[in-house]
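Enquirer: This is the structure I want to talk about, given as structure tokens.
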Amino acid sequence: MNFVGISSLVIVAFFAGGNAAWKPFSPEETLFTYTRCMEDNAKGDLALAKKWMAWKLEADQKSACYAKCVLVGLELFDESSKTFKGDHIVEQYQKYKSYTSQDEAGVKKFQQAVQALGTIDSANCLKVLQKYGPVHAQFTDVQRNVYFGKKEITDKIYNSDYTVKKRDETMFRFCERSNFKDGSEELCTLRKTGITTNNNHLDCLFRGLRYLDRNGNINPDEIKRDLHFINVKDKDAAVDNALNNCKVKEATKATDYNDCLWKDPNLKDIMMPVFDYREVRSESYRYFIENTDPYDVAKVKEKVKKYDKDAGC
């Protein structure tokens, strides 16, 4: 249920818009899920996180909640109905099967095993892991093959897919490379002000930051989380107000929300430090797993200067 060699895991960051039919998870999405669940449940305990990286799940509270978090994130467990879901496992496998030697028969057995778990009477972390644990133990290798738990699989994707986000590349620079010419006035203005009319870029960025979820819905909690990380904890209501009063068109959703945040009188002075720190952290999804240092605005600015230079600005 976890992954090996996460530090070398590559990221494919193709984010499509709209409420379309279900789409297989990319390596970027699974990596984000794994690391965010580690961040939330290991809470600075690197030794424990390393156990999860080694696919070791013990029956303790933190490990159980990590496991449940990943299952929910990969849509293998629906918390509201307390039901295990294997509906899309084969579809997930088929999307990337050319990158793995995994046979489909094994995937179907894994799917059947997940489906057979059915509904449980409680979504308690320990109850979820107790139920899923035997399936995890039996199909660990299949899970790693299907949900990008092997470096050799992700390396192949990294080397062959033009949409691959490079190792140690920030989400901001990835989206910028796809939508602007380095050194262009438009890009440099964006990096100085946070404002652009390029909706393709902002859609890529908002999805990459999880400000928009997989279905294209705004996620206020993720924005507030980023404010909290720069020690701004009294603006939650301002975020809600800015988003709730934002006039949004489907075709320009990301641009509209971005404008509403950056131009709000209660938020305009903090959005740049929010974005700067998130850019630094997006360079490695393991940032908070390995880095326990408090927010340091001077260090963040030094890092951002390097990103600006890389952008030709």
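Backbone N, Cα and C define each Cβ position, glycine as well.
The model shown is predicted, which means the values in this text are computed figures rather than measured ones.
Positions annotated as disulfide bond by Swiss-Prot, on the basis of similarity to another entry: C37-C69, C65-C125, C175-C204, C188-C313, C246-C260. The signal peptide annotation in Swiss-Prot covers 1-20.
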Enquirer: Using a Cβ cut-off under 8 Å and a sequence separation of 6 or more, which residues in the same chain sit near C37 (disulfide bond)?
Expert: Y66, C69, V70, G73
Enquirer: In sequence order, what residues of the same chain, 6+ apart, have a Cβ less than 8 Å from the Cβ of C65 (disulfide bond)?
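Expert: Residues satisfying the criterion: N41, C125.
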Enquirer: Of C175, C188, C204, C313, which is closest to C246 (disulfide bond) if I measure between C-alpha atoms? They're all disulfide-bonded residues.
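Expert: Comparing Cα positions, the closest of these disulfide-bonded residues turns out to be C204.
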Enquirer: Taking 10 A as the limit, how many CB atoms besides its own sit near the CB of C260 (disulfide bond)?
Expert: 20
Enquirer: For the disulfide-bonded residues listed here (C69, C175, C188), which one has the lowest count of neighbouring CB atoms within 10 Å of its own CB?
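Expert: Looking at the disulfide-bonded residues C69, C175, C188, the Cβ with the fewest others within 10 Å is that of C188.
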